[in-house]
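Everything below concerns the one structure shown next.
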Amino acid sequence: MTSIFQGRSFLKEIDFTKNELLYLIDFAAHLKALKQQNIPHNYLAGKNIALLFEKTSTRTRSAFTTAAIDLGAHPEYLGKNDIQLGKKESVEDTAKVLGSMFDGIEYRGFSQATVEALAAHSEVPVWNGLTDQWHPTQMLADFLTIKEHFGKLTGLTLAYVGDGRNNMANSLLITGAILGVNISIVAPKKLFPANDLIALAEKYAEETGANILITDAIDQGVEQADIIYTDVWVSMGEEDAYQERIELLLPYQVNQALMEKTHKKETIFLHCLPAFHDLETKVAKEIQATYGLTELEVTDEVFRGKNALQFQQAENRMHTIKAVMAATLGNLFIPHP
Ligand code: CP
Ligand code: NVA
């Protein structure tokens with residue numbers, strides 16, 4: 001017996017329906033409970049999984065690696081300097097070779113077209129571990145964390161404050177609309193999401209009842225927020241944009257004053273990480289030397305505050321990635337969600 005998930009790739013959020021995404025979130029919660037109770041769940045015994053990384057990663061790489069091992073599979077890391085991809089060999093040829101040896105492929109890199117081509121030519125499930133456009137596995141962890149905290153998703157409001165046109169903003173906008181979670185993208189006009197993405201979110205929102213708000217007005221954008229979410233102001237691959245982004249985004253820094261603008265009794269803070277909240281990194285020290293700033297998208301006070309759930313969120317990367325791999329590659333009976 002196969003399931004509706006078997007053999008499918010997860011390249012972007014719209015690959016799955018609302019019910020399928022909700023199923024994966026709940027399945028991840030189940031796998032998390034199994035792990036906590038030391039109950040084996042080696043649904044992928046004997047499988048081989050390729051982990052392709054053109055960009056660096058702490059959470060996604062660690063999550064795919066440990067999730068694969070817990071599932072009984074063998075993960076193999078293939079970094080950008082290890083393989084021929086894109087230099088001496090096309091994506092299509094690479095996909096055919098990897099697909100003949102591995103049972104599933106994770107890809108993190110720049111172009112969404114690359115992950116789509118890997119899926120088109122490998123004949124095995126491919127999972128997007130972040131591209132410039134989307135970060136779908138992050139979405140499962142984020143909405144699992146929100147559901148763990150609030151016990152529900154429907155009717156909540158998530159305000160994403162910062163670079164409104166990066167992969168995280170794109171993914172949160174569309175996923176919230178699919179799941180029926182109200183989404184506010186709070187950003188300077190220059191960093192608003194692309195019009196076609198706003199239109200897509202509004203199309204889903206019509207079906208699910210989610211409210212979509214795109215605004216540069218911080219007070220209006222965060223007043224209903226149950227969740228304040230931010231991400232780095234400069235994403236991987238855009239490192240020459242610091243000056244422009246700092247000028248645009250400094251008013252949008254998530255600090256205690258911004259957290260207190262919400263009208264909700266309790267608002268949680270989320271961040272996909274890594275975060276610039278102190279001076280404990282090389283890049284943060286360079287930014288301080290050049291711009292005189294000690295914190296960027298979030299202050300240390302908020303980051304270390306009692307409502308900041310970013311490390312629970314980070315752990316949930318593993319449980320949710322495990323759910324995606326087990327559902328799409330395992331021989332599990334899953335009733336049609
Ligand atoms: N959130 C996230 O994807 O983290 P990494 O870049 O460390 O994988
Ligand atoms: N927007 C960030 C997300 C990191 C997880 C980046 O692409 O660098």
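Every residue gets a Cβ built from N, Cα and C, even glycine.
The shown structure was predicted, so the numbers you read here are calculated from the model rather than taken from an experiment.
Copied over from TrEMBL:
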type    : residues                                                                                          : note
DOMAIN  : 8-148                                                                                             : domain 'Aspartate/ornithine carbamoyltransferase carbamoyl-P binding'
BINDING : Ser57, Thr58, Arg59, Thr60, Gln84, Arg108, His135, Pro136, Thr137, Gln138, Cys272, Leu273, Arg317 : carbamoyl phosphate binding site
DOMAIN  : 155-327                                                                                           : domain 'Aspartate/ornithine carbamoyltransferase Asp/Orn-binding'
BINDING : Asn167, Asp231, Ser235, Met236                                                                    : L-ornithine binding site
*What three-state secondary structure does DSSP assign to Met236 (L-ornithine binding site)?*
coil
*How many Å lie between the Cα of Asn167 (L-ornithine binding site) and the Cα of His135 (carbamoyl phosphate binding site)?*
6
*By Cα-Cα distance, the member of binding-site residues Asp231, Ser235, Met236 nearest Ser57 (carbamoyl phosphate binding site)*: Met236
*Using all protein chains in view, find how many other C-beta atoms are within 10 Å of the C-beta of Asp231 (L-ornithine binding site).*
25
_Less than 6 Å between Cβ and the nearest atom of ligand 2 is the rule; apply it to the binding-site residues Arg59, Thr137, Asp231, Cys272._
Asp231, Cys272
_Per-residue Cβ crowding (10 Å cut-off), top of binding-site residues Ser57, Gln84, Thr137_ = Thr137
*Fill in the CA-CA distance, Gln84 (carbamoyl phosphate binding site) to Asp231 (L-ornithine binding site), as an integer in Å.*
31
*Among all the protein chains here, how many other CB atoms are within 10 A of the CB of Ser235 (L-ornithine binding site)?*
18
*Under a threshold of 6 Å between Cβ and any atom of ligand 1, which of the binding-site residues Ser57, Arg59, Thr137, Ser235 are retained?*
Ser57, Arg59
*Which one is it: of the binding-site residues Asp231, Ser235, Met236, whose Cα lies the shortest distance from the Cα of Arg317 (carbamoyl phosphate binding site)?*
Asp231
*Compare all C-alpha positions of Asn167, Asp231, Ser235, Met236, the record's L-ornithine binders, and send over the largest distance in angstrom.*
12
*Can you count the other CB atoms that lie within 10 A of the CB of Arg317 (carbamoyl phosphate binding site)?*
28
*When neighbour density is defined as the number of other C-beta atoms within 10 angstroms of a residue's C-beta, which of the binding-site residues Met236, Cys272 has the lowest density?*
Met236
